[in-house]
Amino acid sequence: MCTLGRSLTCSYSCWASFLLVPLTTHAGTSSSIPGLEEGSTDPWAFPQLKNTGQLKEVSMASRLRKVVIGFLKLCGLLGSLYFFICSLDILSSAFQLLGSKMAGDIFKDNVVLSNPVAGLVIGVLVTVLVQSSSTSSSIVVSMVASKLLTVQVSVPIIMGVNVGTSITSTLVSMAQSGDRDEFQRAFSGSAVHGIFNWLTVLVLLPLECATAALERLSELALGAASLQPGGQAPDILKALTQPFTHLIIQLDSSVITGSATSNNTNSSLIKQWCGVREETGSNEECSIFNPCTENSTASPEESKVPCNHLFVGTGLTDLAVGFILLAGSLLVLCTCLVLIVKLLNSVLQGRIAQAVRTVINADFPFPFGWLSGYLAILVGAGLTFLLQSSSVFTAAIVPLMGVGVINLERAYPLFLGSNIGTTTTALLAALASPADMMLFAVQVALIHFFFNLAGILLWYLVPVLRLPIPLAKRFGDLTAQYRWVAIVYLLFTFLLLPLAAFGLSLAGGSVLAAVGGPLVGLVLLIILVNILQRHRPSWLPHCLRSWAWLPLWLHSLEPWDRLVTGCCPCRACKSNSSMASKVANCYENPEIIASQQL
């Protein structure tokens, strides 16, 4: 039996379930953490700093050796980071090769897109397939400009695009599943981004369907502004990575857009020609005896310059090349991520780690401490604008959270700023679009911007409403205990749930409402009862003051954990053994289950 002094921790462990997720934590304190016993460390606190000693106590040779090793570690860290970013780019190309034609075909069905829920789901699925919110947004802009979609129909798709882009950071966090505490922090950082996007959609999608607020706001902004065509945004990251990635693969992005607009549907996405040869002959060299007939009769194929990458001229299909690039990029990505984590753990020690953590997580002095988060939003927006990729920025933040350099409270506004930064990039790109598409492109970019701005006003402006932070911590605690929950979350959030909603939307809006309405109501009821169990149990009937009357598999993940670990005996799937036995002891005592909520 659990002792009274540990009853709260035991009870919290007993109610770890996908049906019964606590929504709130007490202000000023962290939530109870599964597996945290007396003498153990808090995984949400920064790891203990190692004392590296003073430099003056060692000899000159040792000093020089430390400097050389530090320089080599820094070079290895920068090199790993470079190939990590390149692997993300190639991973995006692989997903585009595997799913771009499917993504374009999905956008063709205007009858399905007229359903807001179906539009939201299609935005999520297409962004997951092509691994690029910029590509998904460009498809939407092209279809709106071609009169295949209206602006009203495009709004839910843009919301889905915003949700789908958070899958990259979730995939990156999976590479840190070897260490329980690192995985707990890294997965929470990736989850907070997705939770923010989903909560914003849950509020704004019904509001948009009822009032068309985002569409009208974007029209007002367009009417108040005098648009002038602008230049392209600074593409610093592409300038650094393209010399390497273009040696491996180059894609023709216009084929994806053409697939959605019923053009070039049979063309290969792999780019074969990268330019046209310039004519070297001049009029002075031509005469009656040398009429220069070769240049005038040259075929268009002969004047083209072939691209210089690995898959030029190969007989492989787009699907085969996509699978090859997917396997290779995932291997390089995981290898580089492991090296980055190891090097960060090695470099960030002692005074160096203390200085980095102090600078990143520092707050302004009282009474201006509340401005620190808003400064982090600006920093995230600025860095994303410079990198030209929100996926790269968020994927770089997650490993830093895993090693304990950035805490969740500071990473949250950085992610929000990244959402804003990617919309400003799309806005500048829209200003550089052709004149016949500029108005539509700018309006879609403005809708994307106002959507993320409204999310910040909802879930960050008031500190009490920053619900993504406690929810992400709860997910981190759960995945630290049961690591397979991260895979279930990934598949359910970005694949199974969107596919289910898409299938119901194909059957019609009435079927979607008849099936989805009761399910949503049941989930909201369970959440409400769970909150009352924790804070006001006397308000509930006696039978609802605990969930002990339910079958064990409905209010505990322990039976599911035994099933998963039995099918997958690998170390990454296994739960914490000491925690599992502790939870089992709690469940074996029904008196504790029935009394803990009171």
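Glycine is treated like the rest: Cβ placed from N, Cα and C.
The signal peptide annotation in TrEMBL covers 1-31. Feature annotation from TrEMBL assigns transmembrane segment to 67-91, 111-130, 151-175, 319-341, 374-400, 412-432, 438-462, 482-504, 510-532.
Stretch with the most C-beta contacts under 8 angstroms to the transmembrane segment (438-462), considering only 67-91, 151-175, 319-341, 482-504, 510-532: 151-175.
Long-range neighbours of the transmembrane segment (374-400) within the same chain, counting only residues 6 or more positions beyond its ends whose Cβ lies under 8 Å from a Cβ of the stretch, are 81, 84-85, 88, 92, 131-133, 165-166, 168-169, 172-173, 176, 186, 189-190, 193, 233-238, 337, 340-341, 344, 364, 406, 410-411, 413-422, 424-425, 456, 460.
Residues 133-134, 137, 141, 162, 165, 189, 192-193, 196-197, 227-233, 373-374, 376-385, 388-390, 393-394, 397, 406, 438, 441-442, 444-446, 448-449, 452-453, 455-456, 460, 466, 468-469 of the same chain lie 6+ residues outside the transmembrane segment (412-432) yet bring a C-beta within less than 8 angstroms of a C-beta in it. Comparison of 319-341, 482-504, 510-532 by number of C-beta pairs under 8 angstroms to the transmembrane segment (111-130) places 482-504 first. Contact between the transmembrane segment (151-175) and the transmembrane segment (482-504) is supported by 3 or more Cβ pairs under 8 Å, counting only residues 6 or more apart in sequence.
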